[in-house]
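Chemist: Got a structure for you, questions after.
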Amino acid sequence: MTNSTEAQKPQNTKKNKKKGATLDTFYGAKIQNTEQIEEDIQENSPKSSKGNRNSPQTHEEFESEMTKKMEALWEEKWEIMQKKFMHLQNQFDQTVKENQALKQELIKQSQNTKKLEENIKYLTDKVIDLENRGRRENLRIIGLPEKPEINTKLDMVIQDIIKENCPEILEQGGNTATDRAHRTPSTLNPQKTTSRNVIAKFQSYQTKEKILQEARKRQFRYKGMPIRVTQDLASSTLNDRKAWNMIFRKARELDLQPRISYPAKLTIYFQGKVWAFNKIEDFQLFAKKRPELCGKFDTANHDLQKGKRAGSPTKNQLPSKTDYILPRESMGIQQNRRLPTFCKEKTRALWKV
């Protein structure tokens, strides 16, 4: 038994060696067959050359030669990278210069655009002013019925209106003659039940102003029917005046004596002074700074912020069939306003100055 066990020992040692080699390799020790690898390295490594010129290089010489080759390779790569970097740097600098030039050009273009916008606004205001001045001898008559005997004799109808409402102008010898009178628009729309307006151009500007002043004082009539006589203005000016309508009504309720002057300027009498406003925003700032007016025009401001037409009644403010009365100031500003058919008779009966 002892011999058999001793005979088996060498076999176990070989197995243990193999197992030990694999375990050493797993834990980071020398790789299996390291002796054979070391022999191969020694055979291929440079040997010492003492006195023999044809002998291979030494290990130090080999390392120095490889170091020089690596340095030369890195220097070559470094030069290539420097050239690429310089090229990219030049492109970047050129791009920055181009961007600066574009920015300066953009600033110039924005300045030119601003000047053009200012010029357009100036020219637009100038054209509107010229249009209004071209209409300075005109009067707009609203409410004349659409009848053939009236449409064919508008000049004579206008003279009858002057005789009926302001005869003192004729007594003073004023020139009430008209160059022409016509309906506007020129074509009648059968879907509309209200009559078209009449534009009358007078020969005398002074006579036209006297008639307009009398129309502001009292209600004009034609054969007992109420009509309105207002100044003829450009459509853009009329829209600007309409924007003041809600504020105008509230100011009249507060007894501020509001007036709309040419072209679309609101004037009020407050604390013994006359204040004029060209824009609604200016009036809002003025009202906020005065405790007596602060919060009084919130309804008008709310409607303006919603984008509603100034002066248009809300759903709860619509008049009934029996109490429809169109205020005087809105009639003076909204010249193209048309009345519903159900309240025409009531309006004629209840129209007040």
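Even glycines carry a Cβ here, placed using N, Cα and C.
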Chemist: Would you please say which range out of 85-133, 134-182 has the annotation coiled coil in TrEMBL?
Modeler: 85-133
Chemist: Mean pLDDT for the domain 'L1 transposable element RRM' (136-232), as a whole number?
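Modeler: Reported value for the domain 'L1 transposable element RRM' (136-232) is a mean pLDDT of 90.
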Chemist: Using DSSP, tally how many residues of the domain 'L1 transposable element dsRBD-like' (236-292) sit in helix, strand and coil.
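Modeler: DSSP composition of the domain 'L1 transposable element dsRBD-like' (236-292): 26 helix, 14 strand, 17 coil.
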